[in-house]
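Quick look at what Swiss-Prot annotates:
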| type | residues | note |
| --- | --- | --- |
| DOMAIN | 4-148 | domain 'Clp R' |
| REGION | 7-72 | region 'Repeat 1' |
| REGION | 84-148 | region 'Repeat 2' |
| REGION | 161-342 | region 'NBD1' |
| BINDING | G208, E209, P210, G211, V212, G213, K214, T215 | ATP 1 binding site |
| REGION | 343-551 | region 'Linker' |
| COILED | 393-528 | coiled coil |
| REGION | 561-770 | region 'NBD2' |
| REGION | 771-865 | region 'C-terminal' |
Amino acid sequence: MIRPEKMTIKTQEALAGAQQLAARQGNGSIEPEHLLVSLLEQEGGLIAPIIQKVGGAPAALRSAADVLVKRLPQVSGATAQAYLSPALNRILDAAQREADTMKDEFVSTEHLLLGFFADRQCAAARALLDAGVSRDNVLAALMEIRGGERVTDQNPEDTYQALAKYARDLTDLARQGKLDPVIGRDDEIRRVLQVLSRRTKNNPVLIGEPGVGKTAIVEGLAQRIVSGDVPETLKDKRLVALDMGALIAGAKYRGEFEERLKAVIREVAKSEGKVILFIDELHTLVGAGAAEGAMDASNMLKPALARGELHCIGATTLNEYRKYIEKDAALERRFQQVYTGEPSVEDTIAILRGLKEKYENYHGIRIKDSAIIAAATLSDRYITDRFLPDKAIDLIDEAASRLRIEIDSMPTEIDEVERRIIQLEIEKQALLRESQDPHSLERLKKLADELEELKAKSAELKGHWQREKDIIGRVSSLRQRLEEKREEAKKAEREGNLARTAEIRYGEIPAIEKEIADRSAELEDIRKEGKMLPEEVDGELVAEIVSRWTGIPVSRMMEGEADKLVHMEDRLITRVVGQDEALVLVANAIRRARSGLSDPNRPIGSFLFLGPTGVGKTETAKALAEFLFNDDQAIVRIDMSEYQEKHTVARLIGAPPGYVGYEEGGQLTEAVRRRPYSIVLFDEIEKAHPEVFNVLLQVLDDGRLTDGQGRTVDFRNTVIIMTSNLGSQWIQQYGSSDYARMKAMVTETLKEGFKPEFLNRIDEIVIYHALPLEQIKKIVDIQVECLKQRLADRRIVLELSDKAREYLSREGYDPAYGARPLKRTIQRKIQDPLALALLEGKFQEGDTVRVDLSVSGEELVITKK
């Protein structure tokens, strides 16, 4: 009998499983048949793969073994534990002898399988032989799987066929045509080939920003190896990608991870240069598997890399390379850096054109060239925190996905007709209950006619939609077949089967292409009656996706929006009174940006609003936010009175490394990162510390700002508004009497308050005039309108007489303080007495409240009309 400590974990599990099966079936002894069933149903076991390798069918063998178990005698009412039968003891002894013969330290499941053949009279052994499993072919399969390895620990299965378990064969995937085509990147691939062909330190590491195509370069290399487009030294090599997740997952005990990694290194070394190992996210090696006193993965790889036994390609980002690899000089020197830069917009367009067919076939739609150009150019300009070509590919993918969902959904025209039918059916049922009424009968007849008409229309539309959908689906499946045939032709050509290659290329492919053309022509004929389903991704759809991602309106303007922008000043004047010059300057900047004529490397507009308090500087920013975003609170508002100290600059852009709050980011930079298209208002800018202006210089000039964490924040889609009271004394003193002198005095005051390099970067310095009495009357109307809206929620109507309006204008007018005293006057004279009257119950819902001037002309009277 084998001692338990001399069994592998899988052997112990198999025997325990056999014991449980015997107990469940009510058998008095544990037989070889129980053990065979237990071995076949083991997860991650070696027996099922061995049987498959020798040509047997594990599922059929399992069924046969189940039948044998059911035939075993059952004992009812027995409580004693089942014992090992003599037949099973003989198999276990034979397994021990097999382990000794193979010089293995532990009895493994494969030894148990060989043990079955020692007792040919055993029913389980006969079942194995009937399934085509013999001792000789099991030994041959075992040699192939184990590769001459001995069982030296209790978990040997983890180390068998390590590459098959813990790596993906990229060359095999390339042969099957499962990798996306790699366009361009010839310089980087050539550089990788040069490093791989070196005698020593032939391990390139691809370094670049996330999304620039590092993994794609390795996939391109795999495709080149398959097509033979590589130097002689690299021909017929296997490129396998190590799966770190699979390597670490399930390694419960100390040393298991190291065993697995050693097995991978051994298998690569044994291939004598035939296998090139690709480790994506190379930095994950540093610290992987390190526990108390254990080595991490990178230290285990170093000796093999240094000796040249391990051919390896790494890939990692710049930040992670600096953070993990550069700190370990011994690991860094074993790799040769290959820098991978971000491709240009032109290169990205070429890459997208190469990938176009793959995405068309997957989504079953067509992608226009205008969509590809839009994806590359718009993602480059508006999605600044990611890199080409990844962000452009994502745009195309999402646009295609959205179109596919539209094709699969019911068109709006049919949906509207169906809803109308349901509505009329409900109405019909209601009228049927009142069938005695002659008017109801007449209405019923009309309803029946309308329903019949609508149902006929619905059936016609559905038929048209279904025909379109069927043809689009058929064309999609034909395109997929075409791609499969092209891959088959490439495979046949590689294998030297030229007859099959010619048959596919000159027979099958042209036939499929002809059918695609016929179906497309049929679709065009159907669409002459009317197009119901979109089928092409165009530039406009891509622009819409960009708008959804960023909140920046880059899609083509609808007629309504264009008209809105043309009359932008008229809309703003309804909120900001008496400052026409300021509104025209702001409107021009927005129009330039939306028509695509503004400088792409600067903010949409940067303005310095000057003027006395209460004349509408901050209100202009709010009115602009309401115009652009339909929400006057959609402003990144920074009150500069909070930034009077030098150290408060850190609050704007984020604390530097080592300081508290480093992870949180800055108030300005974080707000703009989240909403790249916004209005940034720096209120009362003259109150800020001079250091703050130095931070704003690069925002105003280059439309960018680097935050405390080194990230570049894009300000090119923001409107920057700064307000200040500097020079307001001159504006009030000279006002409209001497505009030229007033402007000269204000400019002098500005030069004293701000540095010339700051003033020189501002697009427009806008001077707000003090408000005359006539303008205050207009503001009364605006303020009272707000009050009317609040009362309308309570269904109370407010009316204001002309005399009351004149009175409020006079009382609320103060040239020194602008419109703010007016707000306080309305609060004091109307809101306070009205609030008291409402609480006393003098006014109810549905009442009309009239505000008039008293006979004395000294106060307002509020009465019910």
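Using N, Cα and C of the backbone, Cβ positions are placed for all residues, glycine too.
On a predicted model such as this, the values are computed, not experimentally measured, just so you know.
Under a cutoff of 8 A between CB atoms, and with a sequence separation of 6+ in the same chain, the neighbours of K214 (ATP 1 binding site) are L206, I207, G208, D280, A315, T316, T340.
Most buried of the binding-site residues G208, P210, G213, judged by other Cβ atoms within 10 Å, is G213.
Report note: the ATP 1 site is defined by G208, E209, P210, G211, V212, G213, K214, T215, and the residues of the same chain whose CB lies within 8 Å of the CB centroid of those residues, excluding them, are A216, T317, T340, E342, F387, D390. A coil conformation is recorded for E209 (ATP 1 binding site) in the three-state DSSP classification, outside any helix or strand. Residue counts for the region 'Repeat 1' (7-72) under DSSP, helix first, then strand, then coil, are 47 helix, 4 strand, 15 coil. Of all the Cβ atoms in the protein chains shown, 17 others lie within 10 Å of the Cβ of G211 (ATP 1 binding site).
Counting every protein chain shown, 17 other Cβ atoms lie within 10 Å of the Cβ of E209 (ATP 1 binding site).
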